[in-house]
Amino acid sequence: MKYESQKIALAYMGVALGLFLIQVVMGLVIGWIYVSPNFLSELLPFNIGRMLHTNALVVWLITGFFGAAYFLVPEEAEREIHSVKLAYLQLIIMVVGTLGAVITYTFNLFEGNILLGKEGREFLEQPLWVKAGIVVAALMFLYNVTMTVLKGRKTAITNILLLGLWGLALLFLFAFYNPSNLALDKQYWWYVVHLWVEGVWELIMASILAYLMLKLTGVDREVVEKWLYVIVAAALFSGILGTGHHYYWIGTPAYWQWIGSIFSSLEIIPFFAMMAFAFVMVWKGRRDHPNKAALLWSLGCATLAFFGAGVWGFLHTLHGVNYYTHGTQITAAHGHLAFFGAYVSLNLAIMSYAMPIMRGRDPYNQVLNMASFWLMAGGMTFMTFTLTFAGTVQTHMQRVLGDGFMDVQEQLWVFYVMRFGSGVAVVLGAALFIYALAMPRREVIAAGAPAE
Ligand code: HEM
Ligand code: HEM
Ligand SMILES: [Fe+2]
């Protein structure tokens, strides 16, 4: 570790991993409700569990991004973080907000209260006061990191990371706009949900991957930067108008059918480019970095993101196809592999790289870490296939033959059992990952390999 303030990231990554575990365990709970529908129906209804699962996901991913930024910005800017105190205060606000949201959801407190009660929009259910807290935390973060970068060395990696993080915060402001017209509500809702994962988060992904490639493969910075600019341009060119693939059936004008189909099909390009980038860098790289686990996660991230977001996204993005598959298990299959491949793996990659450095035991427990990669990646891939089969049967029975929703669900039971099984593998993998990072090293560093 070159700068003392990089250690802030340790606290962020720790909180993120705790929420990650809660997220996947909650996935198991709601996965079991699909198998046995009355499970916990009085104590923790499905809708509440689902909310905890998806919200924990988004919150821990963002916490991880903040941690990644606190780790890599000092190194890139070649100076300490502007204010260490502010960074910890920001984390405290985020933890309080998260606890507030969890307690409000779980006990369904303050129902209907505009300030204190949950808002009932998927992914944006947080009570208004929590949303305000998120904005305050985001402003503190942006101020802190931007000041650091402005006073220090400016690199393409930090510029694009900051652009992504500013975009993340500014787009979140649309979460406050909740028009009563349902079509308008949905139109702006996607500004957050879609423009995040298929827009500004891609910039965050590209810059963190670029940083990892720079460190792990020893390729020249100029080469990394050229790729970075191409990826970012492709992501924004396709992703912004690609929002149209959510505007097919919500009452927006018909031209979205074409705009959405064409531009969202192009969204496969940046994901393909990121995969090509990662592999070309490893191929061209001169450095044999000892942290193989971080490299595995980086390559796994680029590959699974290409399949989950790119291929599984394209699968149902043309309006003629989406007409049949909209809101079926096909969507869930895609949602899982895309989020896991792109943003879960990205976080786990930078954690695998940064945590050993921050804890001064560089690198360690790699075999366990890599085993956890295969468990999680295998589990998520199996889950994706199961849900894709379920979604295909569902689409045919429900949308082509016109069978009733609940009758079709009964036919899908066996797929839900398999989804639960793959979910168990994912949860075991997550626990193993945390164990590998938290426990003392068990193995000796490969002889002769430099630690940094
Ligand atoms: C990492 C990037 C991505 C993530 C994390 C992601 C995640 C998701 C999620 C969670 C949903 C479900 C939203 C909901 O209705 O609640 C969704 C829907 C959708 N995604 Fe993605 N996605 C990504 C990239 C893409 C790409 C690149 C494409 C197209 C090539 C795509 C096409 C779609 C379509 C068409 C839907 C709507 C499905 C429906 O009509 O039910 N996605 N995505
Ligand atoms: C890191 C891994 C995981 C990620 C990134 C993830 C992500 C997501 C996302 C984005 C959704 C919303 C999907 C949509 O609207 O289409 C969702 C829902 C869900 N997830 Fe996960 N999840 C993960 C792990 C799990 C696990 C281990 C299980 C256990 C079986 C699980 C079971 C479910 C269930 C049952 C739903 C509700 C689907 C529905 O409403 O029909 N997830 N998850
Ligand atoms: Fe989208």
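Cβ coordinates are placed from backbone N, Cα and C, and glycine is handled just like the others.
Keep in mind that TrEMBL annotations are predicted by a computer and have not been checked by a curator.
Features reported for this protein in TrEMBL:
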type     : residues : note
DOMAIN   : 1-452    : domain 'Cytochrome oxidase subunit I profile'
TRANSMEM : 12-35    : transmembrane segment
TRANSMEM : 55-74    : transmembrane segment
TRANSMEM : 86-108   : transmembrane segment
TRANSMEM : 128-145  : transmembrane segment
TRANSMEM : 157-177  : transmembrane segment
TRANSMEM : 189-214  : transmembrane segment
TRANSMEM : 226-249  : transmembrane segment
TRANSMEM : 255-282  : transmembrane segment
TRANSMEM : 294-315  : transmembrane segment
TRANSMEM : 335-355  : transmembrane segment
TRANSMEM : 367-393  : transmembrane segment
TRANSMEM : 413-438  : transmembrane segment
Which range out of 226-249, 335-355, 367-393 gives the transmembrane segment (413-438) the most CB pairs under 8 Å?
367-393
Intrachain residues whose Cβ lies under 8 Å of the transmembrane segment (367-393), provided they are six or more past its termini:
292-293, 296-297, 300, 304, 308, 312, 325, 328-334, 336-337, 340-341, 345, 348, 352, 408, 411-412, 415-416, 418-419, 421-426, 428-430, 432-433, 435-437, 442-443
Short question: most Cβ pairs under 8 Å with the transmembrane segment (157-177), which of 55-74, 86-108, 226-249, 294-315, 335-355?
55-74
Looking at the transmembrane segment (189-214) and the transmembrane segment (226-249), are there 3+ C-beta pairs under 8 A, with each pair at least 6 apart in sequence?
yes
Report, as numbers and ranges, every residue of the chain located at least six residues beyond the transmembrane segment (12-35) whose Cβ falls under 8 Å of a Cβ in that stretch; write 'none' if there are none.
41, 44, 46, 49-50, 52-53, 56-57, 59-61, 63-64, 66-67, 70, 91, 94-95, 98, 344, 347, 351, 354-355, 413, 416-417, 419-420, 423-424, 426-427, 430-431, 433-434, 437
Best-contacting stretch, by C-beta pairs under 8 Å, relative to the transmembrane segment (86-108) and drawn from 55-74, 128-145, 294-315, 335-355:
128-145
If I count Cβ-Cβ pairs under 8 A between the transmembrane segment (335-355) and each of 55-74, 128-145, 255-282, 294-315, which range comes out on top?
294-315
